[in-house]
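Each remark here refers to the structure printed beneath this line.
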Amino acid sequence: MSKNVVVIGTQWGDEGKGKIVDWLAESVQGVVRFQGGHNAGHTLWINGKKTILRLIPSGIMHPGVTCFIGNGVVLSPEALLKEIEELEAAGLDVRSRLQISEICPLILPYHIAVDQAREARKGEGKIGTTGRGIGPAYEDKIARRALRVQDLFNPALFDEKLAELLDYHNFVLTQYLGAPAVSAAQVRDQAMALAPAIAPMVKDVSSNLYAMQQAGQRLLFEGAQGALLDVDHGTYPFVTSSNCLAGAASAGAGVGPQSLDYVLGITKAYTTRVGSGPFPTELVDEIGTRLATIGKEFGSVTGRPRRCGWFDGAALKRSVRLNGITGLCITKLDVLDGLESIQLGVGYRVNGEFRDVLPYGAHAVAQAEAVLEELPGWSESTVGITEYAKLPAAARRYLERVAEVCGVPIDLVSTGPDRNETIVLRHPLKG
């Protein structure tokens with residue numbers, strides 16, 4: 001029996017992590033975000049009602065669960081408070097159940113200005129960021145110049161650090177990117193106006209998570225984006241600016257790695273990608289359009305259409321190794337309903353040689369030709385099925401082949417957007 005579970009996306013994000021975290025949150029006392037910012041949305045459907053969370057952990061939907069934003073998250077005070085207000089308007093108690101690490105780096109207006117100006121300057125060569133300032137905020141963190149949440153409550157120190165930051169960022173904006181400068185007074189006034197609303201939620205998250213573990217309580221660590229977008233191990237440079245792997249939960253929440261008992265890898269039954277970057281199994285035909293239409297493949301935060309393709313087992317194998325995945329959850333199986341045949345990526349041809357795992361770096365991946373294996377499809381609907389034996393035989397064979405290719409068992413299968421539309425083969429927290 002596992003006490004603490006890490007939920008990770010194994011592809012290029014958008015795998016359906018939010019629903020699964022929400023479902024698992026019924027069995028834990030705390031849910032922790034440990035990386036990313038408000039650039040990724042987790043979509044939940046509860047009794048037919050749609051909720052999109054960007055910063056706040058998906059456990060907020062459960063009254064008895066405490067939610068944490070760990071130090072690995074870059075925090076926009078404005079985006080946070082807007083999301084809190086939206087949830088409160090829907091009748092949820094948020095502020096008494098949300099704790100924010102005092103050492104989270106802040107996202108401020110100059111980060112957004114730099115992010116958007118850079119993308120505009122690159123034109124067709126752009127990375128495809130969301131333009132929300134995530135990357136520049138992480139840059140400040142690594143350069144050891146970031147303003148952090150705790151600085152909001154020390155105005156003199158805030159002003160001192162802000163002056164130095166804007167000397168640098170305004171030089172880049174005006175002299176290199178050809179964009180307007182950002183006003184220090186406006187940044188300061190906005191931040192100081194928001195600080196009192198945030199103050200009661202600011203805590204020593206690491207210590208509080210330690211105390212919960214000492215009391216025998218269970219924790220769920222909620223990853224954002226996906227392993228193939230990891231800044232180190234993803235299709236660099238077409239990646240996000242943080243580490244999206246299971247190991248990042250330790251550093252990004254302030255807990256010891258021995259606290260991570262089980263890693264659940266969330267995997268779509270096909271593959272999607274948003275924005276630029278190589279995609280070996282991409283479909284640019286009517287089947288790709290069908291997957292996008294039936295799967296409603298549009299970003300929950302940006303609204304951008306997602307590129308669609310066949311399931312890539314060799315890419316999943318890379319994710320399995322990087323994350324030490326214990327078990328898989330396959331989502332959106334129902335999107336494949338009605339296809340006469342289905343193809344599954346088992347490797348690549350690279351310079352005439354077969355490779356059974358995704359290469360490193362965007363250039364190498366772009367040179368890789370997917371090796372596909374054809375399996376029979378199924379005509380029956382899988383929507384809402386909650387027992388594995390009731391799935392069509394061809395759907396079961398497809399899932400079994402996925403597990404064979406990546407070498408990890410499938411513990412959960414999602415057959416619809418609602419939390420109850422789930423097949424449980426092995427419960428991550430109950431065995």
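Here the Cβ of each residue, glycine as well, is placed from N, Cα and C on the backbone.
Per Swiss-Prot, the features are:
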- Asp14: active site, proton acceptor (ACT_SITE)
- His42: active site, proton donor (ACT_SITE)
- 13-19, 41-43, Arg306, 332-334, 414-416: GTP binding site (BINDING)
- Asp14, Glu15, Gly16, Lys17, Asn39, Ala40, Gly41, His42, Thr130, Arg144, Gln225, Thr240, Arg304: IMP binding site (BINDING)
- Asp14, Gly41: Mg(2+) binding site (BINDING)
- Ser300, Val301, Thr302, Gly303, Arg304, Pro305, Arg306: substrate binding site (BINDING)
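If you check the recorded positions Asp14, Pro305, Arg306, Thr415 against Gly41 (IMP binding site), the ones with a Cα inside 10 Å of its Cα are Asp14. Of the recorded residues, Thr43 (GTP binding site) and Thr130 (IMP binding site) place their C-alpha atoms 17 Å from one another.
Cβ crowding, taken as the number of other Cβ atoms within 10 Å, peaks at Gly13 among the binding-site residues Gly13, Gly16, Gly41, Gly303, Pro305. Considering only the recorded positions Asp14, Lys19, Thr415, the residue whose Cα is spatially closest to the Cα of Arg306 (substrate binding site) is Asp14. For Gln225 (IMP binding site), the nearest of the recorded positions by C-alpha distance turns out to be Asp14; the candidates were Asp14, Lys19, Thr415. The binding-site residues under consideration are Lys19, Arg304, Arg306. Their Cβ neighbour counts within 10 Å are lowest for Arg304.
Secondary structure at Thr43 (GTP binding site), as computed by DSSP, is strand.
Other Cβ atoms within 10 Å of the Cβ of Thr130 (IMP binding site) number 22 in total over all chains.
Take the CB of Thr415 (GTP binding site) and look out to 10 A: across all protein chains shown you find 24 other CB atoms. DSSP classifies Lys19 (GTP binding site) as helix under the three-state reduction.
Looking only at the binding-site residues Gly16, Lys19, Thr415, the one with its C-alpha closest to Gly303 (substrate binding site) is Gly16.
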